[in-house]
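Chemist: What TrEMBL lists as transmembrane segment is B:6-24, B:31-58, B:78-96, B:111-130, B:166-186, B:212-234, B:307-326, B:338-357, B:378-399, B:411-434, B:455-473. Sequence annotations record features per position, and here TrEMBL assigns domain 'NADH:quinone oxidoreductase/Mrp antiporter transmembrane' to B:132-425.
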Amino acid sequence: MNFLDIISSLLLFAGTFFAFSGAVGLFRFPDFFTRVHAASLTDSIAAILMIAGLLLQTSFDLNTAKLIFILVFLLITSPTASHALAKSARHGGLLLFTEKPTKQGGTNQDD
Amino acid sequence: MLEQNLAALPIILPLIAAPLAIILGRTMPIWILATLVSGCASIISLQLLDTVLTTGVISYAVGGWQAPWGIELRIDTANAFVLVAVTAISTLVLLFSKDSIVKEIDCSKHALFYTAHLLCLAGLSGILITGDAFNLFVFLEISSLATYTLVSLARDKRCLTAAFRYLVMGTIGATFILIGVGLLYMKTGTLNMLDLATRIDLYDSSRTINTGLAFIIVGVSIKLALFPLHMWLPPAYTHAPSAVTAFLASTATKVAVYVMVRFIFTIFGASYVFHSMGMETILMLFAIIAIFKCSYTAAMQKNVKSTLAYSSVAQIGYMVLGISLVNVTGLMSGLLHIFNHALMKGALFMAVGAVFYRLGSADISAFKGLGKRMPLTMAAFTLAGLSIIGVPLTVGFISKWYLVTAALEQSHWFIAAAVLGGSLLAVVYIGRILEAAYFQEPDEANVAKISEAPLSMLIPMWILVIANIYFGIDTSFTTEAAQHAAELLFQNGQVMEVKP
Amino acid sequence: MNLILDYYNYWIVVFLMMTGFYIVISANNLVKKVVGLNIFQTSVFMMYISMGKVAGGTAPIVVDDNTLYSNPLPHVLILTAIVVGVATTAVGLSLIIRIKRAYGTVEENEFEHEDDAI
Amino acid sequence: MIEWIDLILLGMLALTALRVIFLKDLFAVVMLFGIYSFLSALVFIVLDAVDVAFTEAAVGAGISTVLMLGTLALTGRTEKENTHSKLLPILVVSVTGAALIYGTLDMPPFGNPDNPIHQHVAPRYIEDSPKEVGLPNMVTSVLASYRGFDTLGETVVVFSAAIGVLALLGIRREEDNNTPESGFKEHRVLQIVAKITIPLVILFALYVQFHGDFGPGGGFQAGVIAAAAFILYGLVFGLAKSMAVISPMFLRYMAASGVLLYAGVGLFSMMQGGNFLDYNLLASDPVAGQHYGILIIELGVGITVFAVMLTIFYAFASQTERSNIQ
Amino acid sequence: MTTIFAAAAIAILVVMAMALTRAFTAPTVYDRILGVNMFGTKTVLFIAVIGYLMGRPDFLDIAIVYALINFVGMVAVLRYFEYTAPIE
């Protein structure tokens, strides 16, 4: 196992750690918006770390380009998706956990 | 060039014509194109049948790749015989539909109707001609998709639910066939039908092959509407446009019967299916129930199309009964009935379509007094109806005759009795309609509208009726072909051609 | 034990098929029926792909000589079958939209009453 | 290792399928179906069927899900209580399942290289196709050449689907002032991101189209991906704008011309004195001929699939937008 | 290196399973969408890793398709969600 391999394993490990913490956040956070926060931030960092880890395994060929393409694509689309989702949720009447349901009917159906 | 590629043309011609039709865009040129293509296909298939009868089986390697690596088209007497019926009916129905669909399908959809018809024809020819089990599935789906479309084109909203039910059942059936073919492939490693037949022999009593057989039989039974898996058929045929019903009733289920014959006799081999698996008892049981139950239901219907649809299920019972007798005469009667039933049901549904064209209804009450007002149409209906009943000098008599002969050869007296009983029920359901047509006075409201159907509908209808009588008197062509086909199929089950 | 190792894949796939099949025949809602049909078919595809697998093999795209490849034929068949599946789904869903417009419902037991009156 | 991953994925699939049975929220059902499709594509990858995984991901998880969602927007979100008895379905399913399990007991073991299917027809594809057809991707060789007739059939199936959808739904072109605004008109971020990604996606589709001989991919997948790019455009910017870019009528011609292109190759080889779809005759050298043939027919497949998928999307989306007005 | 990839693949599988659980048992429909989306992005990473695990990294194309389809699917869910009745 050479030096590059070690770094790449560390990056992969860190990536999985963040992915895992995001998944935990999906369950543990109090309301939808914090959960989006958890999921989307860790999505990005996990993608960056893991793909960086994989990049070190390539020898600068087509695969490198593809990996970078995937990374760029994920970094563009994933936060956008989270943004759009949060916006729809707000529009659809979900409330922050600090807010109280009003008479017009917020539907904070938290468990 | 044409000579050599004749075997592929019945598939390729409509296959190419369908996208061309979309490019043409206008209804009239599309109709001409479709009719021409269908006509060419029927001439080619006659030629093919002739070649097959004189020189033997035609094998055609698509893409120049020999079977089992490539896809083989394989024409023997059985599929050439059915192909003639399918392409000829398709041509006649296209002639018929020019006027018929004006009343039943929105004007904007006529172009799509002809395109879907061409696709359906291509699919059916593909099923018939191909010698590859998976290719058969692909063409089955082409024809099915086109069929769902065709059924749903009618203006009556009930055609939608009928088409959906048909889609769900049809897809389940196709998936079952896919599972069955997969199991066979898993055990043998090949998809070519002949190759499969040779290699299945090596694994005769394997559970996997048994299961594959069961799934294929159930899947095909759904497609051919064998009782009790027929529930999709009556609503689909009742609510579809008449031209579509005429086409489907006389081709689609018949092709499915052919698929069953092909799988049982060519691929699995009669001795395996019937002697080791005992399929004949099951098939015979359901066929007899189908004949009685569905003939009875047919007699209860208020709608004539519905009556004829149930009658179709009953007639499929006769075909399956013929297959389940496991002798050459029985199989021959089954094949003969595929051809003959196409002739009679085509004529009957065309006649109903003509009535619908004039009256906008296919209820039995609409038929009152039609004997005088639409004499030619009703005469056609009567003759074709007699053929369904099985009166001598019609084709219906011929196939039933051979069926009874086959039953007696096996000394199954009760089957002979069942065939006669089924005919009696047919007398009832056809008789009801004829009684309304000839012995009842029309409703006042309808009198004004009634006149004879246009020539474009009468001509194809009468061609079929004349064929009904002609082949009922001069049986040499049909019986010879069917006999030859049946003998060949039985041989396939015993003597294997081994490919190098 | 050997039996399980040899067949576990097929057994789970059979279970999946039957789940899909169950949804098709038991669901009342037509959209759910179509979903079930898709699940059923996808599972059948998995059966085909399972049989094409060779232990220790790799995807049938040439890398160099002396490599063990999985069987490409089931892959080809299933590519075709997937396309067939999506075609059926599209037509089925269009029918559902039309049914909704004509009957106002897509629950099977609700329009069955209307249809019974032929 | 791979076997364990396979097992875990299959387990997830089973759970997803079971969950679908009991969910009444159809939106959730469709989303879980998307997951099911994704998961099955993963199984395909693990079992070495990369081309299939490609297609399943693009078609099952992509197109089918979008169409189902579009349908749900029209038909409502919840399944009503089922009044049918559950007994008969359970019985039917148990019998069928038992039959299949019975059938598995004599099956060749999973993954064994001595199984008949690895011994009989396939060796020729694996050993000879790189020489005979000259492509590294055997799946493409078999798909386009050995079993090219199947693929023609498949293209026609797609074409028939377009005919069916057009006949059932049709595509209504709304007058511009009548067209509803896209629901995303406030979503500036989404619009800009869509504008950035769409060219990338189309580029990728072209790559998949022409790289299919060497890696996973081919005409079918490329067509679906390109269609996905336009579907994205239509979803974000509204159908009217999308139709201004590619009109439904043009798509019809495209769909037809793709099939004709494919069949045309067959006719051409017939005119050269060979059998239908015999690519060997397209050039003086058989391998070069195979190459040309596969290139052209993949293009035909790609064109048809793209046009059909987009047509179907137009048909569904125009229904949704129409109902939204009323 | 193979073991590292294997470990990473298993770890991502665990995360996928958690996202799947979320999609099964979400309190609101938006949570469900979130779970599905997270499942999708993790799948992309999973395919990338498994390509290396199986020694065939040229299959990254499939990961790209996943990323793309996941995004399109997400947009479609949000788009068509507007048309349906509000949350019951």
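Positions of Cβ are set from backbone N, Cα and C atoms, glycine also.
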Chemist: For the transmembrane segment (B:307-326), which partner among B:31-58, B:212-234, B:378-399, B:455-473 gives the most CB pairs under 8 Å?
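Modeler: Answer is B:212-234, with the largest number of Cβ pairs below 8 Å.
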Chemist: Hey, which bits of the same chain come close to the transmembrane segment (B:378-399), Cβ under 8 Å, at least six residues off its ends?
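Modeler: Same-chain contacts beyond the flanks: 311, 315, 318, 322, 333, 336-337, 339-341, 343-345, 347-348, 350-352, 370-371, 423, 426-427, 430, 433-434, 437-438, 458, 461-462, 464-465, 467-469, 471-473, 475, 478-479.
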Chemist: Which sequence-distant residues neighbour the transmembrane segment (B:455-473)? Criterion: at least 6 residues beyond either end, Cβ under 8 Å.
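Modeler: For the transmembrane segment (B:455-473), the sequence-distant neighbours (Cβ-Cβ under 8 Å, at least 6 residues beyond its ends) are 89, 92-93, 95-96, 98-100, 339-340, 343-344, 346-347, 350-351, 353-354, 357, 376-377, 380, 383-384, 387, 392-398.
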Chemist: Sequence-remote contacts (6 or more beyond its ends) of the transmembrane segment (B:31-58), Cβ cut-off under 8 Å?
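Modeler: 6-7, 9-10, 13-14, 17, 20-21, 24, 73-77, 80-81, 83-84, 86-88, 90-91, 94-95, 98, 110, 114, 117-118, 121, 125, 480-481, 484.
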